[in-house]
């Protein structure tokens, strides 16, 4: 019975006493209690994948309403998916705060324009936005597209507009972008992969044949020893790091080598400080130690590496230079970095390893200079710690012990980025740790789909599936392209999988040009643009700086914040005629013309650039697939409606292409053929669907595909989705947009959406999602067995030779019926079949890694060879060279990095992330602070030759003073997440400090080692 | 008829006996400081689940942020740099309610039903009944509860009683990337801790151990520490936490004495009502009326 107080007082005078007693702590009531009601009971649940890093954690998104048509699906909560084999319900601080990204105050809701000279945004309609952008593009393209080069080779190159694509967008957006970009003739294009793991691809591909993380997240738990160097997985990949902790719980040892004691070090068995930019010295020292101490897995090295291969006579290394250096060009002629060939054109080998020019002896000689003393001199790391790392690694030079390496941008973002990684790849070959569960070289990639965007070739000179975009000099014709890109086996009996290039390439051209691609017109080869040189982001910024760029289209990228030398760049943006931003959130790039005081001190009125800002959906509001670091293609589903008028990337590209093509159809224009002939077979041409695009990536039969051995046997009927890339043909009978993804959407349906998380052993879950290539989970897994086909370690059995075929828990990364007697070797993408200790001519800066100083060196010399201080193969533009600083004016080493609470420059727009880490700071040692009179928590100014930032000082024991080459080296840690947009405290773009110079092979910028000064602000 | 999804053991300032028949298992959260990477996923997941948003703060020369617990921040990471045996260690402790078996907050609380202890070990605050007096803060040996400046009520970690009530783990536990936060029966957590301690000892941490302090009857949030002999290293985790003397006195001696004073007050109040009438007769507060009817102070005292 419910009784009101008034009634109650009237009933009983005792009531007063009760309430008085209660107020004083003597309850007159039973004080019932109930927990907060569970808020998700009937909310709609949708599966998705986290949009931040490439661990690819599973999400459960809950939206308001139960799916009824009348309820607007608004996402109210996001938590981890417990079924996901990697994340198992976990999310890092960024993932746990995704709700505030979806509903960020910085989300864009309507198309807007900033007119030339204006100080503000103006809301416009989608129709106006698309019409105006298409007109800008056509005007610029008509005026500037180059049809033929001086030699008369068709090049179809449009250089005056550049486009960046987004490594957090889906594969389906990525592949559509590829089609859009190339049909227009754009070669000045890049994705975040360029500023991230570009060197991983070049280093691992030049060693093992493929440029991807060799193993996978869960497999890390199978390691006996884990080296973390050039990375900080506890902060950058916290959920993937779970599996390092699991290994540790089973007894594995973990050592961190890093310029500062970071959060990974906080749970490591040991930590070693190292000078930023000296990794090759450290790793080269390990190679020398392994050789000197006999810690080599000989059976593996002899069978599966090129140790026995004989190198050409012309090869040499002397005083810091390899053979073939052309000082005027600043480049090597790599002709002599090759194998000596026999009459049949195959590489000569000496299985006894006695030949003085066999790779083994050259290797031994090259690294003999890297003594432990030299390591200490160059790195500043303690000798005992260095030897401890050597011993732990050396202990795995036996068949039943395995070590792994976890690294990321700490290795890639150097002028020697590719070679840093290659050195470790060589160590793992010497130890027999490649192909093994718990082993490998584990590149922990950055953005959620940075692997996918690399796979889809969204880089200046690439095409999907690691095919190259034609070069005007090397591949003027289709025949040249095929001849140059189809290698011949260099040893007898090798699989040499790139021998299939014509099948991949013709199927790709059929995707581009459809029925218009015929044998007669070389499958439309001439409509593809051809490059004259690489237009990576540094080259694009140089073009912009020199006023050579009129248009810039930026899809889900914040290049003003991401690229080095902000001060030079912000001035360059003002030279653009038009800038188009396609993004879910506001960025610094889109507001480069706004004055934000000392953070961005520009004169808006004098900036004549027209800026269009087109709002797009985020991960939570779309279907599609993204590829995690372990090459898993995971499908995700839409859980809510986008804000305002935001549209999907596919719709934005679809509308733009549709409008452009209409203009060319109606008005004509320069070189319309590639645009008019482009295959655009989508049901709604203004908005291709993720499903349509995913199916194209898988590929389908255009006519019946028959068994070449038995033409009566039909393997795939006309119109059917292909089961995998083995069915691709070079006769125009198959279409495939990304050959390595073939198998992702077969006749059996969408393989990327599979959710069987059964562990078939060693943590492998082949029924979860789909992994390229062919659902193989550990690359080169044939090397987990000895030459006779027996697992090296019976407790780490992946596959084995049954007598008839290769079989086991993983899909063999090998020809399934090629038995041990065939002599076929495990590295099937390499024409020689083995892993490369000597990388021949695959990298531009040497077949063996060598220590070179960063472009801005605190030493000013190179103790290994004082005449050659920094890498001789560095490319640096004149304007950037002038902006390099010296150690006299900038005596300290600056190094930039991420924090676990933030993801690049997005999460400052995410309230939950901003709360967890609100303000810009730099980390310095107690000694440097004392020298400079800096007190913890006060403001400091850090400057380089190129600019400055102001930040809070964090004075910490975790940054150590090092002695390097008999001199004191102080290092300053610079987290990079701040800017002027968002809900965190405003800050300076950290890339005001970094120099615009990149890795010799890939031009990934040198963010990790440059010179700065520091003072009290 | 059970109104609650979790069975109640004790209620603040409510001497009524709770139902005794059902005996749900005690749960516990184990925080393995030695595998914690200080990523703050637990902090964020806590705020996200509980719909809390602290103000965006500033940097104070440390990684800690928010800088302290608040009504909008129920758990925070506390970072400490120490040099033990010549080796640098970065000790990172997730701070928040310990869910004591003998909760000082509940004992100190004068407001009926503002603090509830469930039989599974969770100590939960019911802000509807909170009068904002702050006694829970003085009663807590871990300095956890915080009074909100918005509504003057006390807040702290609920161990996600709403999630646990439907059979899920707390939000912080689920999200923890490295598995440094575990959840299960108190027994299972102690067993898991024992395994971790063996591993730590094998890595040279001779004093590794479990933090489950007896002074508060044990806790339902426990820590695995590398240096269990020196809990104060971890951002001043109390070595021997106990309920303050003032709170014990209140419960043990002063409260019965106060009861006698109350009887006089009741009598005075009664005569005042009869002779003068109610002073605030329209002080409506319908939602908590029903439970209050028909109980006299004497009955309450008798029930005690």
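Note that Cβ sites are derived from N, Cα and C of the backbone, with glycine treated the same way.
Site annotation (TrEMBL): [4Fe-4S] cluster 4 is bound by B:130, B:133, B:136, and the candidate from B:109, B:157 recorded at this site is B:109. Cross-referencing B:36, B:172, B:176 against the [4Fe-4S] cluster 2 binding annotation in TrEMBL, which names B:46, B:157, B:160, picks out B:172. In TrEMBL, the annotation region 'Disordered' applies to B:279-304, one of the ranges B:253-278, B:279-304. Long-range Cβ contacts of the domain '4Fe-4S ferredoxin-type' (B:88-120) within its own chain (Cβ-Cβ under 8 Å, at least 6 residues beyond either end) map to 4, 6-14, 22-29, 31, 33, 36-38, 42-43, 46, 69, 74-82, 126-127, 129-131, 133, 135-142, 144-145, 154, 156-157, 159, 161, 164, 172, 181, 216-221, 223, 226, 233-235, 237, 243-244, 247-248, 250-251. Using a CB-CB cutoff of under 8 Å against chain A, the binding-site residues that qualify from B:39, B:105, B:176 are B:39, B:176.
Spacing of residue B:97 ([4Fe-4S] cluster 3 binding site) relative to residue B:176 ([4Fe-4S] cluster 1 binding site) is 17 Å (Cα to Cα, whole number).
If you compare Cα positions, residue B:140 ([4Fe-4S] cluster 3 binding site) sits closest to B:109 out of the binding-site residues B:39, B:109, B:130, B:160. The binding-site residues recorded for this entry are B:105, B:109, B:130, and the Cα of B:105 lies nearest to that of residue B:157 ([4Fe-4S] cluster 2 binding site).
All protein chains included, residue B:133 ([4Fe-4S] cluster 4 binding site) registers 17 other Cβ atoms within 10 Å of its own Cβ. Each of the binding-site residues B:130, B:136, B:176 was scored by other CB atoms within 10 A of its CB, and the lowest score goes to B:130.
Below 8 angstroms of C-beta separation, residues 63, 65-67, 70-77, 79, 90-94, 96, 99, 120-122, 157-160, 163-164, 170-186, 189-190, 192-193, 196, 200, 205, 208, 219-226, 234 of the same chain, each at least six residues beyond the ends of the domain '4Fe-4S ferredoxin-type' (B:27-57), sit close to that stretch. For the domain '4Fe-4S ferredoxin-type' (B:27-57), the DSSP counts in helix, strand and coil order read 12 helix, 6 strand, 13 coil. Remote same-chain residues near the domain '4Fe-4S ferredoxin-type' (B:121-150) are listed as 6, 26-28, 69-72, 95-101, 103-115, 156-159, 161, 164, 186, 215-216, 220, 238, 241-244, 246-247, 288 (criterion: CB distance under 8 Å, separation of at least six residues from the stretch ends). Close to the recorded [4Fe-4S] cluster 2 site, the chain also has B:42, B:45, B:49, B:50, B:74, B:75, B:96, B:158, B:159, B:170, B:171, B:173: residues not among B:46, B:157, B:160, B:172 whose Cβ is within 8 Å of the site's Cβ mean position.
The DSSP secondary structure for residue B:160 ([4Fe-4S] cluster 2 binding site) is coil.
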